[in-house]
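A.B. asks: So Swiss-Prot lists the following for this protein:
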type: ACT_SITE; residues: Glu114; note: active site, proton acceptor
type: DOMAIN; residues: 120-365; note: domain 'Radical SAM core'
type: DISULFID; residues: Cys127-Cys370; note: disulfide bond
type: BINDING; residues: Cys134, Cys138, Cys141; note: [4Fe-4S] cluster binding site
type: BINDING; residues: Gly187, Glu188, Ser219, Ser241, Leu242, His243, Asn327; note: S-adenosyl-L-methionine binding site
type: ACT_SITE; residues: Cys370; note: active site, S-methylcysteine intermediate
Amino acid sequence: MNEVAIPSVLLDVPVPAATVHKQNLLDLDREGLEHFFADTLGEARYRAHQMMKWIHHRYVTDFDQMTDLGKALRAKLHQHAEVLVPNVVFDKPSTDGTHKWLLAMGTDGKNAIETVYIPDKGRGTLCVSSQVGCGLNCTFCSTATQGFNRNLTTAEIIGQVWVAARHLGNVPHQQRRLTNVVMMGMGEPLMNFDNVVRAMSVMRDDLGYGLASKRVTLSTSGLVPMIDRLATESDVSLAVSLHAANDALRESLVPLNKKYPIAELMESCARYLRGNKKRDSVTFEYTLMKGINDQPEHARQLARLMRQFDNAVQSKDAGKVNLIPFNPFPGTRYERSGETEIRAFQKILLDAQVLTMVRRTRGDDIDAACGQLKGQVMDRTRRQAEFRRTLEGQADRDAAA
């Protein structure tokens with residue numbers, strides 16, 4: 001057998017060490033963490049519970065500060081794991097107490113999302129994003145104008161809650177300033193199903209943020225098959241972006257309606273309620289736009305649809321309506337309905353025994369109101385450039401320090 005001579009120059013080339021993939025623990029719910037500690041680290045599952053408390057109750061991400069974990073375990077964690085939370089590019093308070101954060105997603109300087117905290121009497125609600133951008137092209141939503149970039153990871157979704165809760169000084173089960181989470185930020189949550197459901201599991205876990213299922217709300221534009229899947233995998237509250245009670249008008253506002261028309265959507269919502277006795281209602285969101293969907297006939301159509309829904313579920317107030325005055329953004333052709341039209345619309349619904357609320361506009365002075373989330377600058381290219389400049393400025397400040 002002939003031997004092959006190896007050039008001496010190759011013998012001097014160092015062989016790179018194998019890169020050990022580190023698991024971001026923020027990507028895991030309780031079950032995932034238990035498996036990671038048992039299977040990867042060879043540790044007892046209760047260690048996962050300690051880790052969840054450090055991350056989500058005490059907001060600690062440095063393993064060396066986790067004092068009830070032994071030195072050997074901390075060494076294994078340093079080798080195999082990390083806790084990466086979103087980087088806060090900037091945060092903006094509103095005059096009404098609303099707070100908006102622009103958060104960096106990833107390390108490439110290309111993706112940033114917004115999350116908003118809305119305080120109210122006796123409650124504090126966090127509006128969480130599920131995607132960078134959105135691909136559903138609803139014509140009245142600012143997020144749609146930037147297009148779809150990618151889904152957020154579980155860590156990036158629950159990381160929004162982590163950032164807000166830490167900023168607020170939230171202490172689960174004690175000093176609770178964050179009482180509700182709504183998946184109503186950027187993106188369509190049901191198009192990022194697995195990551196969203198996993199993140200909502202952490203929100204509701206006593207070792208996470210301890211929120212009751214009814215205090216976590218997922219809002220969808222109407223992906224019928226995924227509503228059915230959600231009914232089997234979660235028991236959170238459901239909200240539907242309806243905005244019109246007839247197919248022709250809804251198709252012009254929510255293009256997804258061409259694939260899943262109103263009749264199919266309403267039946268899937270009825271199945272969602274019938275599948276779990278803990279779920280007693282669906283909230284239907286209706287953005288009021290001047291001269292588009294705010295006329296008395298539109299209100300009467302919506303009232304009929306809600307009565308039909310109650311009958312299908314065989315429960316009074318199974319369908320609740322949340323009227324949302326349109327929040328303008330640069331470049332939109334729509335206008336907000338006047339106060340007179342809004343009250344007249346609500347009165348028709350109330351007279352028809354439909355439980356109806358008007359959402360008070362919050363955070364519009366910082367572009368944090370419903371439908372306004374998209375980033376600080378108008379288009380994706382400019383948004384990314386602004387984001388990179390912000391990070392470079394921070395790096396320069398760190399270097400000078």
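Any Cβ shown, glycine's included, is placed from N, Cα and C.
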A.B. asks: Looking only at Cβ atoms, how many others are within 10 Å of the one on Glu188 (S-adenosyl-L-methionine binding site)?
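C.D. replies: Glu188 (S-adenosyl-L-methionine binding site): 26 neighbouring Cβ atoms within 10 Å.
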A.B. asks: I need the nearest neighbour of Ser219 (S-adenosyl-L-methionine binding site) among the recorded positions Glu114, Cys127, Cys134, Cys138, Cys141, using C-alpha distances.
C.D. replies: Cys127
A.B. asks: Considering only the recorded positions Glu114, Cys138, Cys141, Gly187, Ser241, which fall within 10 Å of Cys127 (disulfide bond) when distances are taken between Cα atoms?
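C.D. replies: Checking Cα-Cα distances against Cys127 (disulfide bond), the recorded positions within 10 Å turn out to be Glu114.
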A.B. asks: In this structure, which of the binding-site residues Cys134, Cys138, Cys141, Leu242 has the fewest other Cβ atoms within 10 Å of its Cβ?
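C.D. replies: Sparsest of the binding-site residues Cys134, Cys138, Cys141, Leu242 by Cβ contacts within 10 Å: Cys138.
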A.B. asks: Whole-number answer please: how many Å between the C-alpha atoms of Glu188 (S-adenosyl-L-methionine binding site) and Cys134 ([4Fe-4S] cluster binding site)?
C.D. replies: 7
A.B. asks: I'd like to confirm something. Which of the recorded positions, Glu114, Cys134, Cys138, Cys141, has a Cα closest to the Cα of Leu242 (S-adenosyl-L-methionine binding site)?
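C.D. replies: So, spelling it out, the nearest of the recorded positions is Cys138.
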A.B. asks: Just counting, how many other CB atoms are there within 10 A of the CB of Ser241 (S-adenosyl-L-methionine binding site)?
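C.D. replies: The answer is 24 other Cβ atoms.
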A.B. asks: Long-range neighbours only, meaning 6 or more apart in sequence with Cβ under 8 Å: which ones does Gly187 (S-adenosyl-L-methionine binding site) have?
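C.D. replies: The list for Gly187 (S-adenosyl-L-methionine binding site) reads Ser129, Ser130, Gln131, Val132, Gly133, Cys134, Thr143, Phe148, Asn151, Leu152, given in order along the sequence.
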